[in-house]
Amino acid sequence: MPPTQPQPKAKAPPPSSEYKTIAAQFAAAKRAKAADDAERAAREALEKEEQEIASVLDRQREALEAARKANYERRWWWTAGFWVWMLTMHVVGIGYFTSGFLLTRLVLEDKSVCAAPPTLNGNSNIDILPAWKGRGTVGGGCWHPKTFERAVIVVIDALRYDFTVPTRDNEAFHNAFSFMYDIALHSPTNAFLRPFIADPPTSTLQRLKGLTTGTLPTFVDVGSSFSGTAVEEDNLLMQFQDAGKRMVHVGDDTWESLFPGYFEPNMSKAYDSFNVWDLHTVDKGVADHIFPLMKRKDEWDIVIAHCLGVDHAGHRYGPDHVEMTKKLQQMNTFIQDLVATIDEDTVLIVMGDHGMDSKGDHGGESDDEVEAALWMYSPKSVFGRTEEEFAIPPDTAKIRPVNQIDLVPTLALLMGIPIPYNNLGRPIEEAFVGVRGTAWDNLAAAERMTAAGIERYQNSYFAARGIEQTSTPDSPPDLWAKAEALVAKRGKRVDWEAVYTAFTTYQQETLARCKSLWARFDLVNMALGISIMALGVLSLLVYTSMGGDDEGAIAYDADLDAAEKSLEMQGVKPDAETAFVRDQDKRLVRAALLGAIPGFAGGVVQSLLSGAGDWYRGAGFAALTSIAAVLVTLYDTKETVLNLRPKTVWGWMAVVFTLAPSIGFASNSYTIWEDSILLFFITTFGFVSALAALRLPSLADRYLSIYHSALFVLLGRLASFSKLCREEQMPYCTSTYYASATSSTSAPWQLVIPFLVVMILPPIIKAYLVPSRSYEGLAPTWIGSVFRAGLFLSAAYWTLDAADNGNWLPDLPANLLKSLSVYTAQTVLAMALVAGTTAFVWAPPCVSIITSAMKSGKAAQVTVLGYGNAHGARYLLLPLNLLGACILLSKPMGGGALALLMWQILSLAEIIDLNALAAASPAIGPVMLAVLGSFHFFKTGHQAVLSSIQWDSAFVPLFSIRYPWSPLAVALNTFAGQMVATAAVPLLVLWKVNPRRKGLLGAVSRALGAFTVYFAVEALATMMWAGWLRRHLMLYRVFSPRFMTAAVVLLVVDLFGILVALAGVRCNTLAISEVFGWAE
């Protein structure tokens, strides 16, 4: 059978439409996936590339920020270095002038000895007195018959003469210490009371030197009041020691500083002399020790007791206070009890070392400060009067006064020891004229012996100075020869009264010559100091005029800043001109250091060649060559004196306000009324700024500028009601700083002022910040809470202090109120200076960031509140912290004046901003700030006199003297106006400035320069006028204190400019730039 044919396969049915759809979808999905994968890969690659680019950019930005920060830090240090150099130049200039101006006396090392009386040098060998038993020995009397074996010397510090005589008034300091007057009146042969005139300066240390050496102190010694050095020239205590006398001291520890090793250690007791808050410890200690000593007279020969309660009561309360009455009554009882223990071999001397002014202070040369009291007493009849009416103690200190140095020869001759070699005093007549007042021979002998010692000293002094004495009619040599001729006359009757008068005339004329020509001014050092200061002022002026067209004056431009950053990130360096401007301070400091080398070397070589040994002159020459090098460097930068010419009315005002006071210091009346002149300048500035406001285009700005101008003037007028009058201003001035002209405490109504400050000042500060939306961040917490709390605690402190002073709560335990007040003050200072500084350093900008959605919903809108015043608002915290400390350390009236100062500073900042003066006339703001600081120096209870220093401020935060805190407290109290003004200098530059502003460091440094120029010119002018008027009658009352005030203020401004203003700007810039980035 044939094979079977295979059957063909059946064809698959065609795909259905559903399958085709699925296949198509699958293919599409596959293609889509491939596309997505490709897109994802491309996107990831792009993102990775973008991330890498962003990472590179971030690193570049971080590197740029780090580089800008490092560059800023370097420039800040060079700027600070420039100001340290300027401070050094001021120190050298002031030091040189001072070394030639403040008189220093040549101290002779010669020493009087018992066996060599000065009459041996005379032309006549005739003795007035016949030989006495023990002549030439300590036992009988070295140069004069001895009267007493022992002496008790009581110094009642600040015992003014009118405290001891009866007076028909109701003053608290009168008629409370009558015992000495009564004894002198009713027992004139046992006691006498006379005015005891001190030579200025009337500080305790200088007075003790005069009371023991018989010499005139010099003004430069006043600085030693706080660290007395041992007296090395011949003095009473040295003579007592050489005579074998045993000396005991109780009371003021100044004696231990001046005479170490002189006193019996097991019997003496010294007490701290500077705790003016303590009225009783020293006086109680003196009483507790001296009365047991009176029962052990065989164990001592000399007792020196120094009571401090009267002086401390004056410093703390002023003389017109019930506490002064109590203290004088206590001293009256003490002396009365002490008199009962004195025997006939002992002389009791009670005296004041100086007086006190109407506020209880001292240090100057006013009548109240120099008029002390002297009382000498003995149970045996010793003292006499040359006239019957002299038996009644003088009613006032203007009648029959004796110089304090007259005690030296008086006590030496009474005790039988030699008169110290350098003595210029003369014997007090009551001690030698005899009980009947007729022993003219004895008085003449004492006067001749003393005058012979003075003549011997003068010969030695002129020989040591290399000066030849000239004998002209009525000159000291001529008067000495005439007096000796009277002694040499041979006759039965010698007019011993005429002899006494002749030697007295010689002594008085010699003393007058010494007072006027005691020491020679070193004109070379004075001229060198003035030259250094003048060149320093010139260099500072040229430095301040720099940068009129530099980057500091360029406002922020976003496009320009972005382009600059882009170039910097690409490694493009700034152009040479920009780098030149930024490195200006660096070049100046290098030039200053290099320039000092040849000057110093020249000074050393000159010292070697001259053989004078004045190595310090190298510092002066180094200063001159250093300044010259700086001026040359400034000239290389096209900065010359021609740039100093003012171009606007504001510039001319700055010049006038700087020069006018300095020119006026040539007049003593101008200097005395300086505070009124400064008020006139403040008023003038406010008036001119109000007129300038009329030219502003914006009506709102115009009204605001007029408001701040008027407010600026009114605040100055209000502050002027706080006054502390100088003696020379009387009777045309009424003091309001204290409760009265004779008080050093505040009136009860003045306690309202600190509480008004608590309520008013924080809201005022807030009102200046709110318009720029700057009351954000830390500002509300710090200003509204912490700062206000500090002000409240300050007000509480002064309330507790008044309660303690006025004994408002007598039932409280002793010292409770004092303890509470001290701890309160310490809390305020901790808040202001410790916590305040910490907060300022670490605080973020005073801004707030608000994020809100845009209407389109696509992006969020970020608003930075306070951006436009970020720099100024944050920096304001620094002067506020300093202000809080200064308000605490100032009395209520002073605290109120300082609050007005801060208000005026803020108004000044607004005036400068509204009138665009920071660019048009950058000097006027700092100069007005300097005027404000000087004005408020007077409004905080100070004058350019030593007696206005408020020493009690040292005890506001402390129970006793503590170094260095006590001097710092006094400095903050004294220079509060200038310190706050210095701290506020950067505020004028930073006010209403956003974080992107460039050149702020240079602008602040130049503003600080303009500010410092004001005080430098003031110091230079007072130097020149004091040097020119060095023989003027008012030199040590007006011109010398004003120079010293100006010099110290300049150094304080320099120091605060570096430590507070520049350091504050650095911290502020770091904090702002960490948030908003570095603008340069």
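Any Cβ shown, glycine's included, is placed from N, Cα and C.
Taken as a whole, the coiled coil (31-66) shows an average pLDDT of 75 in this prediction. What TrEMBL lists as coiled coil is 31-66.
If one looks beyond the transmembrane segment (76-97) by at least 6 residues along the same chain, the residues whose Cβ comes under 8 Å of a Cβ in the stretch are 525-526, 528-533, 536, 540, 543, 583, 585-586, 588-589, 592-593, 619-620, 622-623, 626-627, 630, 1001-1002, 1005, 1008, 1012, 1016, 1019, 1023, 1027, 1047, 1050-1051, 1054-1055, 1057-1058, 1062, 1065-1066. What TrEMBL records for 76-97 (among others) is transmembrane segment.
Per TrEMBL, transmembrane segment is recorded for 523-543 (among others).
The annotation transmembrane segment is assigned in TrEMBL to 615-637 (among others).
Feature annotation from TrEMBL assigns transmembrane segment to 649-670 (among others).
Tertiary neighbourhood of the transmembrane segment (676-696): same-chain residues 649, 653, 657, 660-661, 664, 670, 702, 705-706, 708-710, 712-713, 716-717, 720, 911, 914-915, 924, 928, 931-932, 934-935, 938, selected by CB-CB distance under 8 Å and a gap of 6+ residues from either end. Positions annotated as transmembrane segment by TrEMBL: 676-696 (among others).
Taken from TrEMBL, the feature transmembrane segment covers 703-722 (among others).
Here TrEMBL flags 747-769 (among others) as transmembrane segment.
According to TrEMBL, the transmembrane segment annotation covers 781-800 (among others).
The transmembrane segment annotation in TrEMBL covers 820-843 (among others).
The transmembrane segment annotation in TrEMBL covers 917-938 (among others). Non-local neighbours of the transmembrane segment (917-938) in the same chain are 544, 553, 646-648, 650-651, 653-654, 657-658, 661, 674-675, 678-679, 681-682, 685, 716, 719, 723-724, 897-898, 900-901, 904-905, 908-909, 911, 975-982, 984-985, 988-989, 1003, 1006-1011, 1013-1015, 1018, 1049; each lies 6+ residues outside the stretch with a CB under 8 Å from one of its CB atoms.
Only residues 6 or more beyond the boundaries of the transmembrane segment (1003-1028), in the same chain, are considered here, and those with a CB under 8 A from a CB of the stretch are 79, 82-83, 86, 90, 94, 97, 101, 521, 526, 529-530, 533-534, 536-537, 540-541, 543-544, 546-547, 552, 585, 654, 657-659, 661-663, 665-666, 918, 922-923, 925-927, 929-931, 934, 978, 981-982, 985-986, 988-990, 1035, 1039-1040, 1042-1043, 1045-1047, 1049-1050, 1053-1054, 1057, 1061-1062, 1065. The feature transmembrane segment is assigned by TrEMBL to 1003-1028 (among others).
According to TrEMBL, the feature transmembrane segment maps to 1043-1065 (among others).
Within its own chain, the transmembrane segment (820-843) is flanked in space by residues 777-778, 782, 786, 789-790, 793-794, 796-797, 800-801, 804, 874, 877-878, 880-882, 884-885, 888, 956-959, 1064, 1067, 1071, which lie at least six positions past its ends and keep a Cβ under 8 Å from the stretch. Sequence-distant neighbours of the transmembrane segment (747-769) (same chain, 6+ residues past either end, Cβ-Cβ under 8 Å): 738-740, 775, 779-780, 783-784, 787-788, 791-792, 794-795, 798-799, 802, 806, 846, 869, 873, 876, 880, 887, 891-893, 895-896, 899, 902-903, 906, 909-910. Long-range neighbours of the transmembrane segment (703-722) within the same chain, counting only residues 6 or more positions beyond its ends whose Cβ lies under 8 Å from a Cβ of the stretch, are 675, 679, 682-683, 685-687, 689-690, 692-694, 696, 736-737, 893-894, 896-897, 900-901, 903-904, 907-908, 910-911, 914-915, 935-936, 939-941.
Within the same chain, residues 85, 88-89, 92-93, 96, 525, 528-529, 531-532, 535-536, 538-539, 542-543, 546, 580, 584, 587-588, 591-604, 606-607 sit at least 6 positions outside the transmembrane segment (615-637) and bring their C-beta atoms closer than 8 Å to a C-beta of that stretch.
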